[in-house]
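Below you'll find the structure, written out as C-alpha coordinates, and then a few comments.
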Amino acid sequence: MTSATASLTPALNSLGFAKPPSETRVVVAMSGGVDSSVVAAELACEGYDVVGVTLQLYDHGAALAKKGACCAGRDIHDARRVAEEMGFPHYVLDYENTFREAVIDEFADSYLGGATPVPCIRCNERVKFKDLLETARDLEADCMATGHYIQRKMGPAKAELHSAADANRDQSYFLFSTTQEQLDYLRFPLGHLASKAETRALAAKHGLSVADKPDSQDICFVPNGDYASVIEKLRPGAGEPGEIVDMDGTVLGAHRGVIHYTIGQRRGLGIGGLETPLYVVKLDPDARRVIVGPKEALSTRHVPLREINWLGDAPLSSRAEWPIAVKVRSTRPPRDAILRPISDTEATVELLTPEEGVSPGQACVFYDPDGTRIFGGGWIWRGA
(Lines of atoms letter the chains of each structure in order from A; the text may use other names.)
(Lines give C-alpha, C1' and ligand atoms only; values in the text may rest on other atoms or scores of the structure.)
Protein backbone atom coordinates (compact mmCIF):
# COMPACT_ATOMS: atom_id res chain seq x y z
CA MET A 1 0.00 0.00 0.00
CA THR A 2 1.38 3.39 -0.97
CA SER A 3 1.40 6.31 1.44
CA ALA A 4 -1.19 8.04 -0.77
CA THR A 5 -3.49 5.03 -0.58
CA ALA A 6 -2.97 4.75 3.17
CA SER A 7 -3.93 8.37 3.65
CA LEU A 8 -7.28 7.69 1.93
CA THR A 9 -8.06 4.71 4.18
CA PRO A 10 -10.33 5.81 7.04
CA ALA A 11 -8.90 5.16 10.49
CA LEU A 12 -10.78 2.63 12.59
CA ASN A 13 -12.55 3.92 15.66
CA SER A 14 -12.12 2.22 19.04
CA LEU A 15 -14.85 -0.31 18.20
CA GLY A 16 -13.20 -1.27 14.93
CA PHE A 17 -15.35 0.61 12.41
CA ALA A 18 -14.07 2.89 9.66
CA LYS A 19 -16.34 5.81 10.53
CA PRO A 20 -16.66 8.43 13.24
CA PRO A 21 -18.06 7.37 16.63
CA SER A 22 -21.04 9.67 16.09
CA GLU A 23 -22.04 7.55 13.09
CA THR A 24 -21.54 4.26 14.97
CA ARG A 25 -24.52 2.96 16.91
CA VAL A 26 -23.77 0.58 19.77
CA VAL A 27 -26.30 -1.16 21.97
CA VAL A 28 -24.97 -1.63 25.50
CA ALA A 29 -26.40 -4.51 27.52
CA MET A 30 -26.93 -2.84 30.89
CA SER A 31 -27.47 -4.94 34.00
CA GLY A 32 -27.57 -2.02 36.40
CA GLY A 33 -24.13 -2.90 37.77
CA VAL A 34 -20.95 -0.85 37.66
CA ASP A 35 -19.30 -2.80 34.81
CA SER A 36 -21.90 -2.32 32.08
CA SER A 37 -22.57 1.22 33.34
CA VAL A 38 -18.92 2.13 32.82
CA VAL A 39 -18.99 0.64 29.32
CA ALA A 40 -22.00 2.77 28.41
CA ALA A 41 -20.54 5.92 29.99
CA GLU A 42 -17.16 5.53 28.31
CA LEU A 43 -18.68 4.96 24.88
CA ALA A 44 -21.06 7.88 25.30
CA CYS A 45 -18.15 10.15 26.23
CA GLU A 46 -16.25 8.98 23.15
CA GLY A 47 -19.16 10.24 21.07
CA TYR A 48 -20.79 6.96 20.07
CA ASP A 49 -24.52 6.69 19.40
CA VAL A 50 -25.23 4.66 22.55
CA VAL A 51 -28.50 2.86 23.23
CA GLY A 52 -28.83 1.19 26.62
CA VAL A 53 -30.97 -1.94 26.94
CA THR A 54 -31.81 -3.75 30.17
CA LEU A 55 -33.59 -7.08 30.26
CA GLN A 56 -36.26 -7.80 32.85
CA LEU A 57 -35.34 -11.46 33.33
CA TYR A 58 -36.72 -12.51 36.66
CA ASP A 59 -38.65 -11.45 39.72
CA HIS A 60 -37.19 -12.60 43.01
CA GLY A 61 -40.70 -12.53 44.41
CA ALA A 62 -41.88 -15.04 41.82
CA ALA A 63 -38.78 -17.20 42.23
CA LEU A 64 -39.12 -17.39 46.00
CA ALA A 65 -42.93 -17.09 46.24
CA LYS A 66 -42.60 -13.98 48.38
CA LYS A 67 -44.54 -10.87 47.52
CA GLY A 68 -42.56 -7.68 47.16
CA ALA A 69 -39.17 -9.40 47.10
CA CYS A 70 -38.16 -8.13 43.68
CA CYS A 71 -34.58 -6.91 43.49
CA ALA A 72 -34.53 -6.90 39.68
CA GLY A 73 -36.46 -3.64 39.78
CA ARG A 74 -33.62 -1.92 41.61
CA ASP A 75 -31.13 -2.97 38.93
CA ILE A 76 -33.41 -1.63 36.21
CA HIS A 77 -33.72 1.64 38.11
CA ASP A 78 -29.93 1.89 38.41
CA ALA A 79 -29.41 1.28 34.69
CA ARG A 80 -32.04 3.85 33.75
CA ARG A 81 -30.47 6.39 36.11
CA VAL A 82 -27.02 5.94 34.53
CA ALA A 83 -28.56 6.49 31.08
CA GLU A 84 -30.17 9.69 32.32
CA GLU A 85 -26.89 10.84 33.89
CA MET A 86 -24.99 10.25 30.64
CA GLY A 87 -27.72 11.43 28.28
CA PHE A 88 -28.46 8.42 26.08
CA PRO A 89 -31.72 6.50 25.51
CA HIS A 90 -32.50 3.44 27.60
CA TYR A 91 -35.06 0.69 27.07
CA VAL A 92 -36.31 -2.14 29.27
CA LEU A 93 -37.40 -5.37 27.58
CA ASP A 94 -39.52 -7.98 29.34
CA TYR A 95 -37.82 -11.34 28.81
CA GLU A 96 -39.13 -13.12 31.91
CA ASN A 97 -40.93 -15.87 29.97
CA THR A 98 -37.94 -16.44 27.69
CA PHE A 99 -35.56 -16.53 30.65
CA ARG A 100 -37.71 -18.98 32.56
CA GLU A 101 -38.05 -21.34 29.60
CA ALA A 102 -34.42 -21.09 28.43
CA VAL A 103 -32.60 -20.89 31.75
CA ILE A 104 -34.59 -21.39 34.96
CA ASP A 105 -36.53 -24.49 33.86
CA GLU A 106 -33.35 -26.22 32.69
CA PHE A 107 -31.60 -25.21 35.92
CA ALA A 108 -34.28 -26.97 37.96
CA ASP A 109 -34.46 -30.01 35.69
CA SER A 110 -30.66 -30.40 35.66
CA TYR A 111 -30.56 -30.66 39.44
CA LEU A 112 -33.43 -33.15 39.32
CA GLY A 113 -31.32 -35.17 36.89
CA GLY A 114 -28.32 -35.21 39.23
CA ALA A 115 -26.29 -32.60 37.35
CA THR A 116 -24.80 -29.32 38.58
CA PRO A 117 -25.78 -26.66 36.01
CA VAL A 118 -24.21 -23.30 35.21
CA PRO A 119 -27.19 -21.05 34.43
CA CYS A 120 -25.05 -17.97 33.71
CA ILE A 121 -23.62 -19.70 30.63
CA ARG A 122 -27.08 -20.65 29.38
CA CYS A 123 -28.27 -17.08 29.92
CA ASN A 124 -25.44 -15.67 27.81
CA GLU A 125 -25.97 -18.36 25.17
CA ARG A 126 -29.76 -18.38 24.92
CA VAL A 127 -30.85 -14.91 25.99
CA LYS A 128 -28.22 -12.16 26.03
CA PHE A 129 -26.22 -13.25 22.99
CA LYS A 130 -29.25 -14.53 21.12
CA ASP A 131 -32.44 -12.54 21.69
CA LEU A 132 -30.79 -9.35 22.94
CA LEU A 133 -28.27 -9.45 20.12
CA GLU A 134 -31.12 -9.76 17.62
CA THR A 135 -32.78 -6.77 19.25
CA ALA A 136 -29.55 -4.82 18.76
CA ARG A 137 -29.63 -5.70 15.07
CA ASP A 138 -33.27 -4.63 14.88
CA LEU A 139 -32.20 -1.28 16.33
CA GLU A 140 -29.69 -1.05 13.44
CA ALA A 141 -26.73 -1.05 15.80
CA ASP A 142 -23.29 -1.68 14.37
CA CYS A 143 -22.38 -3.80 17.38
CA MET A 144 -23.38 -4.74 20.92
CA ALA A 145 -21.14 -4.07 23.92
CA THR A 146 -21.24 -5.72 27.34
CA GLY A 147 -19.43 -5.33 30.65
CA HIS A 148 -17.92 -8.82 30.61
CA TYR A 149 -14.27 -9.25 31.49
CA ILE A 150 -13.00 -10.96 28.37
CA GLN A 151 -11.16 -9.77 25.26
CA ARG A 152 -12.04 -9.80 21.59
CA LYS A 153 -8.95 -9.54 19.40
CA MET A 154 -8.58 -9.58 15.65
CA GLY A 155 -6.43 -12.50 14.56
CA PRO A 156 -4.96 -13.27 11.12
CA ALA A 157 -8.19 -14.99 10.01
CA LYS A 158 -11.03 -13.66 12.18
CA ALA A 159 -12.09 -12.23 15.52
CA GLU A 160 -10.76 -14.29 18.42
CA LEU A 161 -11.85 -14.70 22.03
CA HIS A 162 -9.12 -14.14 24.64
CA SER A 163 -8.94 -14.19 28.42
CA ALA A 164 -9.24 -10.89 30.27
CA ALA A 165 -6.11 -9.04 31.30
CA ASP A 166 -7.19 -9.40 34.94
CA ALA A 167 -7.07 -13.13 35.65
CA ASN A 168 -9.08 -12.62 38.84
CA ARG A 169 -11.97 -11.14 36.85
CA ASP A 170 -11.73 -13.27 33.72
CA GLN A 171 -15.18 -14.52 32.63
CA SER A 172 -14.11 -16.71 29.72
CA TYR A 173 -15.49 -19.84 31.40
CA PHE A 174 -18.98 -18.35 31.24
CA LEU A 175 -18.65 -17.23 27.62
CA PHE A 176 -17.28 -20.35 25.92
CA SER A 177 -20.51 -20.87 23.97
CA THR A 178 -20.19 -17.53 22.16
CA THR A 179 -20.36 -18.40 18.46
CA GLN A 180 -18.13 -16.93 15.79
CA GLU A 181 -21.06 -15.00 14.33
CA GLN A 182 -21.85 -13.52 17.74
CA LEU A 183 -18.19 -12.71 18.38
CA ASP A 184 -18.02 -10.75 15.15
CA TYR A 185 -20.81 -8.49 16.45
CA LEU A 186 -19.84 -8.24 20.14
CA ARG A 187 -17.44 -5.87 21.88
CA PHE A 188 -15.98 -6.16 25.40
CA PRO A 189 -14.47 -2.78 26.32
CA LEU A 190 -13.40 -3.78 29.85
CA GLY A 191 -11.38 -6.86 28.93
CA HIS A 192 -8.06 -5.01 28.80
CA LEU A 193 -8.33 -3.40 32.26
CA ALA A 194 -5.82 -4.59 34.85
CA SER A 195 -8.22 -4.62 37.80
CA LYS A 196 -11.76 -3.94 38.99
CA ALA A 197 -10.33 -0.91 40.79
CA GLU A 198 -9.79 0.68 37.37
CA THR A 199 -13.45 0.11 36.51
CA ARG A 200 -14.63 1.74 39.72
CA ALA A 201 -12.23 4.64 39.14
CA LEU A 202 -13.80 5.20 35.72
CA ALA A 203 -17.26 5.09 37.28
CA ALA A 204 -16.19 7.71 39.81
CA LYS A 205 -14.67 9.84 37.04
CA HIS A 206 -18.03 9.89 35.28
CA GLY A 207 -19.86 10.55 38.55
CA LEU A 208 -22.00 7.45 38.15
CA SER A 209 -24.44 6.69 40.93
CA VAL A 210 -23.43 3.00 40.82
CA ALA A 211 -19.70 3.64 41.32
CA ASP A 212 -19.71 1.93 44.73
CA LYS A 213 -22.46 -0.61 44.06
CA PRO A 214 -21.35 -4.05 45.33
CA ASP A 215 -20.72 -6.86 42.87
CA SER A 216 -23.46 -9.46 42.62
CA GLN A 217 -22.42 -12.76 44.20
CA ASP A 218 -25.35 -15.14 43.76
CA ILE A 219 -27.17 -16.59 40.78
CA CYS A 220 -29.50 -13.73 39.88
CA PHE A 221 -32.73 -15.65 40.44
CA VAL A 222 -31.39 -17.30 43.63
CA PRO A 223 -30.63 -14.15 45.62
CA ASN A 224 -29.90 -15.82 48.95
CA GLY A 225 -27.95 -18.78 47.56
CA ASP A 226 -30.64 -21.28 48.56
CA TYR A 227 -31.08 -22.88 45.15
CA ALA A 228 -32.78 -25.98 46.59
CA SER A 229 -35.71 -23.89 47.84
CA VAL A 230 -36.13 -22.35 44.40
CA ILE A 231 -36.10 -25.79 42.77
CA GLU A 232 -38.69 -27.11 45.20
CA LYS A 233 -40.92 -24.12 44.46
CA LEU A 234 -40.58 -24.74 40.72
CA ARG A 235 -40.79 -28.54 40.92
CA PRO A 236 -42.91 -29.57 43.93
CA GLY A 237 -41.71 -32.88 45.33
CA ALA A 238 -38.15 -32.38 44.08
CA GLY A 239 -36.77 -32.77 47.59
CA GLU A 240 -37.83 -36.38 48.10
CA PRO A 241 -35.54 -38.12 50.62
CA GLY A 242 -33.51 -41.22 49.84
CA GLU A 243 -30.47 -43.25 50.83
CA ILE A 244 -26.81 -42.35 51.15
CA VAL A 245 -24.78 -45.41 50.15
CA ASP A 246 -21.12 -46.23 49.74
CA MET A 247 -19.61 -47.44 46.47
CA ASP A 248 -20.52 -51.04 47.36
CA GLY A 249 -24.15 -50.13 47.93
CA THR A 250 -24.07 -50.29 51.73
CA VAL A 251 -26.59 -47.89 53.22
CA LEU A 252 -24.86 -45.33 55.45
CA GLY A 253 -27.71 -42.94 56.11
CA ALA A 254 -30.54 -40.91 54.65
CA HIS A 255 -30.54 -37.70 52.63
CA ARG A 256 -33.12 -34.95 52.23
CA GLY A 257 -33.25 -34.90 48.43
CA VAL A 258 -30.69 -35.37 45.65
CA ILE A 259 -31.05 -31.69 44.70
CA HIS A 260 -29.19 -30.73 47.90
CA TYR A 261 -25.95 -32.46 46.82
CA THR A 262 -23.16 -31.97 44.28
CA ILE A 263 -20.18 -34.04 43.18
CA GLY A 264 -17.24 -33.50 45.54
CA GLN A 265 -19.38 -32.38 48.48
CA ARG A 266 -18.18 -33.46 51.92
CA ARG A 267 -19.98 -31.25 54.42
CA GLY A 268 -23.60 -31.66 55.36
CA LEU A 269 -23.85 -35.38 54.58
CA GLY A 270 -24.86 -36.34 58.12
CA ILE A 271 -22.72 -39.50 58.13
CA GLY A 272 -19.93 -38.42 60.47
CA GLY A 273 -18.02 -40.71 62.80
CA LEU A 274 -16.44 -42.78 60.02
CA GLU A 275 -12.70 -43.46 59.93
CA THR A 276 -12.26 -42.14 56.38
CA PRO A 277 -13.78 -38.85 55.19
CA LEU A 278 -16.33 -39.52 52.47
CA TYR A 279 -17.35 -37.34 49.53
CA VAL A 280 -20.23 -37.38 47.08
CA VAL A 281 -18.85 -39.25 44.07
CA LYS A 282 -22.07 -39.88 42.12
CA LEU A 283 -25.75 -38.98 42.14
CA ASP A 284 -28.44 -41.47 41.08
CA PRO A 285 -31.67 -39.46 40.85
CA ASP A 286 -33.71 -42.37 39.47
CA ALA A 287 -33.00 -44.46 42.58
CA ARG A 288 -32.91 -41.31 44.76
CA ARG A 289 -29.44 -42.33 45.94
CA VAL A 290 -26.39 -40.29 46.87
CA ILE A 291 -23.24 -42.39 46.42
CA VAL A 292 -20.23 -41.49 48.57
CA GLY A 293 -16.63 -42.65 48.52
CA PRO A 294 -13.06 -41.73 49.48
CA LYS A 295 -11.38 -38.67 48.01
CA GLU A 296 -9.42 -40.70 45.47
CA ALA A 297 -12.71 -41.86 43.94
CA LEU A 298 -13.30 -38.28 42.79
CA SER A 299 -10.31 -38.33 40.44
CA THR A 300 -11.32 -38.18 36.79
CA ARG A 301 -9.11 -38.48 33.75
CA HIS A 302 -11.58 -38.82 30.86
CA VAL A 303 -14.36 -36.28 30.41
CA PRO A 304 -17.17 -36.83 27.86
CA LEU A 305 -18.47 -33.63 26.23
CA ARG A 306 -21.41 -32.67 24.05
CA GLU A 307 -22.91 -29.45 22.63
CA ILE A 308 -19.41 -28.31 21.73
CA ASN A 309 -18.87 -24.78 20.47
CA TRP A 310 -15.59 -24.66 18.54
CA LEU A 311 -13.76 -21.40 17.86
CA GLY A 312 -10.58 -22.80 16.33
CA ASP A 313 -9.32 -21.79 12.89
CA ALA A 314 -9.60 -25.32 11.46
CA PRO A 315 -12.71 -27.52 11.85
CA LEU A 316 -12.81 -29.51 15.08
CA SER A 317 -13.09 -32.84 13.27
CA SER A 318 -10.15 -32.05 10.97
CA ARG A 319 -7.76 -33.59 13.51
CA ALA A 320 -7.90 -36.72 15.63
CA GLU A 321 -6.31 -34.96 18.60
CA TRP A 322 -5.87 -31.38 19.79
CA PRO A 323 -3.36 -30.54 22.53
CA ILE A 324 -5.14 -27.91 24.63
CA ALA A 325 -5.62 -26.67 28.16
CA VAL A 326 -9.03 -26.96 29.81
CA LYS A 327 -11.00 -25.64 32.76
CA VAL A 328 -13.57 -28.00 34.25
CA ARG A 329 -14.63 -25.51 36.94
CA SER A 330 -14.72 -21.72 36.75
CA THR A 331 -12.50 -21.34 39.82
CA ARG A 332 -9.73 -23.65 38.63
CA PRO A 333 -6.76 -22.80 36.40
CA PRO A 334 -6.49 -24.39 32.95
CA ARG A 335 -4.90 -27.86 32.93
CA ASP A 336 -3.12 -29.58 30.05
CA ALA A 337 -5.30 -32.04 28.17
CA ILE A 338 -5.90 -33.79 24.86
CA LEU A 339 -9.16 -33.15 23.01
CA ARG A 340 -10.38 -36.06 20.87
CA PRO A 341 -13.34 -35.19 18.63
CA ILE A 342 -16.09 -37.72 18.04
CA SER A 343 -18.08 -35.38 15.80
CA ASP A 344 -18.39 -31.63 15.34
CA THR A 345 -20.41 -31.42 18.57
CA GLU A 346 -19.11 -34.29 20.73
CA ALA A 347 -15.67 -35.19 22.04
CA THR A 348 -13.72 -36.73 24.88
CA VAL A 349 -11.11 -34.82 26.85
CA GLU A 350 -8.21 -36.68 28.43
CA LEU A 351 -6.80 -34.77 31.39
CA LEU A 352 -3.04 -35.28 31.63
CA THR A 353 -3.37 -34.81 35.39
CA PRO A 354 -6.57 -36.20 36.96
CA GLU A 355 -9.05 -33.66 38.34
CA GLU A 356 -11.34 -34.09 41.32
CA GLY A 357 -15.04 -33.35 41.37
CA VAL A 358 -15.72 -33.23 37.64
CA SER A 359 -19.49 -32.97 37.51
CA PRO A 360 -22.09 -33.48 34.75
CA GLY A 361 -23.76 -30.18 33.95
CA GLN A 362 -20.58 -28.15 34.29
CA ALA A 363 -18.66 -26.74 31.34
CA CYS A 364 -15.26 -27.79 30.04
CA VAL A 365 -13.64 -24.78 28.36
CA PHE A 366 -10.78 -24.99 25.85
CA TYR A 367 -7.74 -22.71 26.07
CA ASP A 368 -4.55 -22.23 24.09
CA PRO A 369 -1.93 -23.96 26.30
CA ASP A 370 0.64 -21.35 25.30
CA GLY A 371 -1.47 -18.18 25.21
CA THR A 372 -4.71 -16.44 26.12
CA ARG A 373 -7.00 -17.55 23.32
CA ILE A 374 -10.21 -19.48 24.04
CA PHE A 375 -11.13 -22.18 21.53
CA GLY A 376 -14.65 -22.77 22.83
CA GLY A 377 -15.78 -25.65 24.99
CA GLY A 378 -18.53 -28.14 25.70
CA TRP A 379 -20.87 -29.47 28.36
CA ILE A 380 -19.81 -32.33 30.62
CA TRP A 381 -22.19 -35.27 30.70
CA ARG A 382 -22.19 -38.84 31.95
CA GLY A 383 -21.49 -40.31 28.53
CA ALA A 384 -23.32 -42.96 26.56
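Quick reminder: no glycine exception, Cβ is built from N, Cα and C everywhere.
The active site, nucleophile annotation in Swiss-Prot covers Cys123, and the record cites sequence analysis as its basis. For Cys123 (active site, nucleophile), the same-chain residues that are 6 or more apart in sequence and have a Cβ closer than 8 Å to its Cβ are Leu57, Phe99, Ala102, Val103.
Residues or ranges marked as active site, cysteine persulfide intermediate by Swiss-Prot: Cys220.
For Gly33 (ATP binding site), the same-chain residues 6+ apart in sequence whose C-beta sits under 8 angstroms from its C-beta are Asp75, Asp78, Gly147, Val210, Lys213, Asp215, Ser216. As annotated by Swiss-Prot, ATP binding site applies to Ala29, Met30, Ser31, Gly32, Gly33, Val34, Asp35, Ser36, Leu55, Gly147, with the evidence given as sequence analysis.
Taken from Swiss-Prot, the feature disulfide bond applies to Cys123-Cys220, supported by sequence analysis. Counting every protein chain shown, the number of other Cβ atoms lying within 10 Å of the Cβ of Cys220 (active site, cysteine persulfide intermediate) is 20.
His148 (site 'Interaction with tRNA') carries neither a helix nor a strand DSSP state and counts as coil. Residues or ranges marked as site 'Interaction with tRNA' by Swiss-Prot: His148 (among others).
As annotated by Swiss-Prot, site 'Interaction with tRNA' applies to Gln362 (among others), with the evidence given as sequence analysis. Every protein chain considered, the tally of other Cβ atoms within 10 Å of the Cβ of Gln362 (site 'Interaction with tRNA') stands at 24.
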Minimum Cα separation from His148 (site 'Interaction with tRNA'), reported as the residue among recorded positions Ala29, Asp35, Leu55, Cys220, Gln362 that achieves it: Asp35
Ser31 (ATP binding site) and Cys220 (active site, cysteine persulfide intermediate), Cα-Cα, nearest whole angstrom: 11
Other C-beta atoms that fall within 10 angstroms of the C-beta of Leu55 (ATP binding site): 26
Rounded to the nearest Å - Cα separation of Asp35 (ATP binding site) and Gln362 (site 'Interaction with tRNA'): 25
Pairwise Cα distance maximum in Å, ATP-binding residues per record: Ala29, Met30, Ser31, Gly32, Gly33, Val34, Asp35, Ser36, Leu55, Gly147: 16
